[in-house]
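As recorded in Swiss-Prot, the features of this protein are as follows:
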type: BINDING; residues: G171, G172, P173, G174, T175, G176, K177, T178; note: ATP binding site
Amino acid sequence: MKLQKQLLEAVEHKQLRPLDVQFALTVAGDEHPAVTLAAALLSHDAGEGHVCLPLSRLENNEASHPLLATCVSEIGELQNWEECLLASQAVSRGDEPTPMILCGDRLYLNRMWCNERTVARFFNEVNHAIEVDEALLAQTLDKLFPVSDEINWQKVAAAVALTRRISVISGGPGTGKTTTVAKLLAALIQMADGERCRIRLAAPTGKAAARLTESLGKALRQLPLTDEQKKRIPEDASTLHRLLGAQPGSQRLRHHAGNPLHLDVLVVDEASMIDLPMMSRLIDALPDHARVIFLGDRDQLASVEAGAVLGDICAYANAGFTAERARQLSRLTGTHVPAGTGTEAASLRDSLCLLQKSYRFGSDSGIGQLAAAINRGDKTAVKTVFQQDFTDIEKRLLQSGEDYIAMLEEALAGYGRYLDLLQARAEPDLIIQAFNEYQLLCALREGPFGVAGLNERIEQFMQQKRKIHRHPHSRWYEGRPVMIARNDSALGLFNGDIGIALDRGQGTRVWFAMPDGNIKSVQPSRLPEHETTWAMTVHKSQGSEFDHAALILPSQRTPVVTRELVYTAVTRARRRLSLYADERILSAAIATRTERRSGLAALFSSRE
């Protein structure tokens, strides 16, 4: 009972959630107090995005869980956590259906353990080489990629994807991920020579799917494909939820192992946003013969929910290709492709390719220089970049009320074209397009520097400037931007989709740009959970790009403000970036890496 009291006190101090204590008492309330504590800490860490709880976090050392010290008197000094956990009916090695699984020195929730093994098996064992006519493939690639004296990593990535069942292509902004996939799909169709080749395109969010549709469409129009060949590439991408057949009001999906997807090739963009459970469900729904090509940026923020799947996969990218694979890729591309050393995680390494040249950001781009410096964790270089005369980046302080008002004025100017089109009652598609040109990004949800506070202040400020006209008894007004916060497959709206409230003669409706390019309007009363989105979190901005992005960092240090968060925000900007940040907060963020504890990288190398 003493431990239960300690756990409840931890809830009061917001060190645990009520859910964590409820889980611990339900599955291990009658067990040794140490097992109950481990269950609570495991549940807590899962809520923080971690896949497992290493036993080192339960031992009295510098890596121990912060709550451990306060509970030592209740559980006693344990000499062997592994022995204690396995003596419990709530824990097994995975050979019994227990709530918790101990695998090596890592403790898992049962479902997370199952998900992790599904993903590890897929990339380790299911992944295999595909036999190709190397002479024909080399000839096809030469026609699609210009001849170059230096190594063309886009061409290498295409060769990787065309010779493996599963491939992962990672690259920063402007490295040509979409161009690469357009060309490799063109090569695939040309080499299929009329054989069945059902291709599907998908991304985690509606915004990312719409961007993939637009950018891939542009890239494909530049390629030498016949009209018949072009028909074989889908005109639009869908969200992963839509692809898998999410059911209204249900967690069940239409497509799973018993009813797999009807496709031969699947391209998935923005793979860094895919959490471990979603990746597992996607893998379960794939037919045995399907090829899968994952695109993403390994340096971006990890998924909101548990895991950092793309990061764990790409942990082996720097190890390079095996010697045999490097020789094959050299033959296919006509240039020397360097080999790495060793054979660890060979199957996975031979399926990865990093795009290493940015075609968007040259040496004259402040955004590109800043993103690279942040990615290296080089605080001095970040400071130097801002001291140079780059015209596409600017840094502002937010130390006073005057600074805050100046930031609101700049936001008003940023949304200027949108507000002008709104006043001119332009067509909904033009208004939506204009809104997406500028975006305020926040690290936090609450407080004056968070999404909630900032959205309220912007609305008040715009009302004062007579740019919008809010009614006292309604949240709805002409031009209110909203973001969907919960999937509604019946309406075809998903988490992250953005709509604009407009009255076009039928009363106020909310207008959305759909992935297929069409515009759809919905009555406000029919919308699923949603929120105003003049400002959005950096997490929500993933999969989107804006001509001008403005990042606002809080005035105090907080664990969520990390290098990956700042890098992700900076790389949302296409042409201009505004950064509102205190020097100390920015430096601390760049020095702080996001940590997601999982066993996936270990499973790739050891095949446990």
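Any Cβ shown, glycine's included, is placed from N, Cα and C.
Taking each Cβ in turn and tallying the other Cβ atoms within 10 Å, the top scorer among the binding-site residues T175, T178 is T175. Its Cβ taken as reference, P173 (ATP binding site) is surrounded by 21 other Cβ atoms within 10 Å in the chains shown. DSSP assigns T178 (ATP binding site) to a helix in the three-state reduction. Taking the Cβ of K177 (ATP binding site) as reference, residues of its chain lying under 8 Å away and at least six apart in sequence are, in sequence order, I169, G171, D269, L295, G296, L355. Annotation note: G171 (ATP binding site) sits in a strand segment as assigned by DSSP.
Other residues of the chain with a Cβ within 8 Å of the Cβ centroid of G171, G172, P173, G174, T175, G176, K177, T178, the ATP site, are D297, L355, S358, Y359, R360. In the shown protein chains, 21 other C-beta atoms lie within 10 A of the C-beta of G176 (ATP binding site).
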